[in-house]
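Take a look at the structure below.
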Amino acid sequence: RVLLLWTLDPAERDAALANEATKRWTSSNQVLMEIACTRSSNELLLARQAYHARFKKSLEEDVAHHTSGDFRKLLFPLVSSYRYDGDEVNMTLAKSEAKMLHEKISNKAYSDEELMRILATRSKAQINATLNQYKNEFGNDINKDLKADPNDEFLTLLRATVKCLTRPEKYFEKVLRLAINKRGTNEGALTRVVATRAEIDMKLIKDEYQRRNSIPLDRAIVKDTDG
């Protein structure tokens, strides 16, 4: 499977992974969010074009069809998005949106349209500035405030979205840790991360893995797999 993924160009690979994810949609499935949030705007656009060419329909159409409720409210705008990729940041906006996010989260309005809008449309630099402002002003990391109910699958996806947009290496470290530290390896997650990140940020992910688990990632994989 890893070879099959590896032989595809990145846009084709993302299209194939996204199509699999829509077909086998479960609320704990983070693949669509991962593709939408860790690719650049152009990479996501290319993935959507590859999806058109390969499956004769749009990714947005499939996501809207296969998801519902709060999950659709978040995932549909994420996969449809074309964010500004630059480093420009508006601090006044960051302050006002941090305040607004805090209000929504305090009121448990986790799927509020404004909250979805910020996560789906703002540039990653702007989101980082807003969330730093959030932490400075309200004392907590936003993901801590989103842990109100650890069993709520929508909140789990929301926290993963924030992590993907701000610290993708931390997100991927966790996916790998969960894939290889349980009884039986989760080959799907392991092969997906290795194939999609090998040429992008694997060095950062490996550093994060070693920092977090005190064992090099390659050694952990060798220990957990065979053949």
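Along the chain as shown, the residues are counted starting at 1.
Positions of Cβ are set from backbone N, Cα and C atoms, glycine also.
Just so you know, TrEMBL annotations are computer predictions that nobody has curated.
Annotated Ca(2+) binding site per TrEMBL: Ile180, Lys182, Gly184, Val222, Asp224, Thr225, in sequence order.
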Quick note, Asp224 (Ca(2+) binding site): same-chain residues at least 6 apart with CB under 8 Å of its CB -> Ile180, Asn181, Thr185
One finds that other Cβ atoms within 10 Å of the Cβ of Lys182 (Ca(2+) binding site) number exactly 10
With neighbours defined as other CB atoms within 10 A, the best-packed of the binding-site residues Ile180, Val222 is Ile180
